[in-house]
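Data first, discussion second: the structure below is written as structure tokens.
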């Protein structure tokens, strides 16, 4: 028992060192993927293909999530607002919540969970079949050829999904708030424009864009560095989703804090 306790600091030190090493390698992969962005001829075709793939696999789930999510928020907020006698503020609270926080996080988690897992599986399969090593032997940089288009495709689709989440969530909230709870449409839309600024929409789309980059970078890195065999690919997919979720929520907090300092709320 004493021996195990004595080894605990060394084990923790090794774990922290490994985490820092992988963080550095992940950042190198991301920067290397962005370095040759200007060479569109090398990755444009793969970019279009990945955009279509990510949009195809995430469009239906995002609609199935966004409408009930907006309706749930609307019902909860509407019930509290009715108890406080402020039903006209339901639209403002719903729209502010959807635009500022819910939409970019939902889009990022969908891109990570649906598209990112597919990217990790694809890159992991290429790795265990030694396709990445073969590309390097032929003088082709696998990061420029495979990672760069996936970075831009995931960020582009994430921004588009964010817009869809906002629209579908507000529609779902409008239906349950106006049709079911009897709030007037004028009060709903007037409240929706009370708390928001144009910069709120811009920072939301920027968040979704950044989160898409993070999801693709983590997915590609985990796939390219997975252990050999199907078990290694499966573990890489699991790690990619977990790490992306943690990094996205941490990044969201940092970006929100910076935005509130630069653009203070109206009220």
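Just so you know, glycine gets a Cβ as well, placed from its N, Cα and C.
Features as listed in TrEMBL:
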type	residues	note
TRANSMEM	151-176	transmembrane segment
TRANSMEM	201-224	transmembrane segment
TRANSMEM	236-262	transmembrane segment
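Here the transmembrane segment (151-176) has long-range neighbours at 30, 33-34, 37, 43, 47, 50-51, 53-55, 58-59, 62-63, 65-71, 73-75, 78, 90-91, 94-95, 98-99, 102-104, 106-108, 110-111, 115-116, 119, 185, 188, 192, 204-205, 207-213, 215-217, 219-220, meaning same-chain residues at least 6 beyond its ends whose C-beta is under 8 angstroms from one of its own. Outside the transmembrane segment (201-224) by six or more residues, the chain places 25-26, 29-30, 33, 99-100, 103-105, 107-108, 111-112, 115-117, 119-124, 126-127, 132, 142, 146-147, 150-151, 153-159, 161-163, 166, 233, 236-237, 239-240, 243-244, 247-248, 251-252, 255, 259, 263 with a CB less than 8 A from a CB of the stretch.
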